[in-house]
């Protein structure tokens, strides 16, 4: 009986620490992806102007493409 209770407490503790580890790993992954995104949006080699910075992975806005000219 006591052994069963200790086993349950141990499994709860492991699951709590595992969920914390997963959250920490997700935060690190998001940080690295945002860092790479900022690194890759350097100067544009065509006109020498800096590209527009993104505010984050979840808040990207894209401008509409220009309408094709009628010929």
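Including glycine, each Cβ sits where the backbone N, Cα and C put it.
Residues annotated as topological domain 'Cytoplasmic' in Swiss-Prot: 1-27.
The phosphoserine annotation in Swiss-Prot covers 7 (among others). For residue 7 (phosphoserine), other Cβ atoms within 10 Å of its Cβ number 10.
Of all Cβ atoms in the protein chains displayed, 10 besides its own lie within 10 Å of the Cβ of residue 11 (phosphoserine). The phosphoserine annotation in Swiss-Prot covers 11 (among others) and is backed by experimental evidence.
Spatially close to residue 21 (phosphothreonine) yet at least six residues away along the chain is no residue at all, judged by Cβ distances under 8 angstroms. DSSP assigns residue 21 (phosphothreonine) to a helix in the three-state reduction. Residues annotated as phosphothreonine in Swiss-Prot, with experimental evidence given as evidence: 21.
Annotation source Swiss-Prot lists transmembrane segment at 28-44.
For 45-71, the entry in Swiss-Prot reads topological domain 'Extracellular', with the evidence type sequence analysis.
Residues annotated as region 'Disordered' in Swiss-Prot: 45-71.
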